[in-house]
Amino acid sequence: MKYIVVTGGVLSGIGKGIIASSTAMILKSMGLRVTSIKIDPYLNIDAGTMSPFEHGEVFVLDDGGEVDLDLGNYERFLDVNLGKDNNITTGKIYNLVIEKERKGQYLGKTVQVVPHITEEIQNWIERVAHLPVDGDKGTPDVCVIELGGTVGDIESMPFTEALRQFQFRVGVENFCLMHVSLVPVLGVVGEQKTKPSQQSIRELRSLGLSPDFCLCRSTQPLTEETKKKISLFCHVAPDNVIGVHDVSNIYRVPILLNQQNLPNLVLRRLQLNPKVDLSKTSPSESTPYWMASWKGLADRMDKITNESLNPIRIAMVGKYTGLTDAYLSVIKALDHASMAIERKMVIDWVEASNLETQNSSTAEYKKSWEMLRGAHGILVPGGFGDRGIEGMILTANYARTSGKPFLGICLGLQIAVIEYARNVMGWENANSEEFSASGSGKNVVVFMPEVSKTHMGGTMRLGSRDTIFTDVDNKISKLYNVDKVGQAVEERHRHRYEVNPEVVDEIHAKGLHFVGKDTTGVRMEIVELKDHDYYVACQFHPEFKSRPQRPSPPFIGLLNASLERLKKM
């Protein structure tokens, strides 16, 4: 087993996740089996209860793990299915150590950060690194580990020390360290400054870790002079100073790394043997054939981004629009669908509460409704709490009555049902148990009986579940290539509330058809309005399984229907 550790310096959000994912993808393209681990040095057990405004989206895995959004990048780049143990947090490690201490497993010793915490970190890494992530094809050859945060942060010190010990535990020939740093340019001088990188690597080396590679983030390509300076002062071989400047799209990052010979340098450093012929190139191109499909993705993304045709405009009506990372997987799923249909797509962000007259200024209200009316399609993503709910209900009503393509996800399905109950069924006070006071109206969405009302973390209906199609005479079944009643698709879930089973038959009879249910036949998973260009909502989160090479069917349906509407305008 070979280990590649990716650390970051100077500031957070520098791009460690994309660089780690790109490195892993390159190695996988060479025929190697690759897995990934993300270390998050916070005391939370997982990301499940963290604010989307502070942390971005919570990514959900097949096994129900609620994890950092970087694991979504790993899954999309590598096309693998990771587990919750691929995300290590300080909370998980401390919880494990304290539990062992309570059981008396330390035999009366004084339990300390070193060696007990650091030992558990190393044990966890070694155990998870050997778990298959691509079915039953075998143990991974390489594990790429991203250490979250910035080198020197007090929160990450136990992990830094554990990794220092780990390099000798597994052998230096099996351990490679990449450090991602920032090379800024001062506007007045125009010179690439290396001092932040020097200080960052000096801090890292003082902690016992010396990087094999320095990957430098910058706005423009690194000059040779800058590379030489970093090599000289940071104790990194000149060829191992890799420039990672801004590129047109993230799919260009692996290509950029390959152009600077990083794959061969990593193979040499870890004494790895690729499973493909590295000298073979794709027809009429200088790109290696093992990178050709990825280059095709990058080229396709550039093509649709730069095309002169009018783009498809999708109104994203949400609660957390102030931080787009809160919907990162939804954005990526739309991008994947956009590449698949080869048409540029633009997201218009609409804060749901601004659609409610009483909650917004006149200018915000007017602008929000203009964006909604100007869009070719509408998407209502997941969320929690009652803020903006009435705005979402107004959105669903507008989409239904205007014929505009609509996709609702998780909360979006519940919104579609509430809107239909109020305006078609005539149940004026229809609502969700999540938003309404007891006895204030007819709850068409209710709390699931098996979910805890006292504990928030890890208590929802989480992970991959089967959705059984009960009707195949509809658009969504065709998108999933389902042609027989009873066929199942597997998607990931994250919710506490469900459509009230007591109202399903009445609503279905009035035209909002429940075409997908869970394996018990009681829980509603997919609704579709038949006499509509595209009005679909699902209780699951299809965005979590969308891949660049395999776009999610509901998103393909939304963009295709929106494109048809654009053509008619």
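Heads up, the Cβ atoms here are built off N, Cα and C, so glycines get one too.
Here is what Swiss-Prot says about this protein:
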ACT_SITE  CYS410  active site, nucleophile
ACT_SITE  HIS541  active site
ACT_SITE  GLU543  active site
DOMAIN    313-569  domain 'Glutamine amidotransferase type-1'
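Here the domain 'Glutamine amidotransferase type-1' (313-569) has a mean pLDDT of 91 out of 100. Within the same chain, the residues at least 6 positions away from HIS541 (active site) whose Cβ sits under 8 Å from its Cβ are VAL60, SER329, GLY382, ILE409, CYS410, GLU491, ARG492, HIS493, ARG494, listed in sequence order. Cβ-based crowding with a 10 Å cutoff singles out GLU543 as the top-ranked of the active-site residues CYS410, GLU543. In the three-state DSSP reading, HIS541 (active site) counts as strand.
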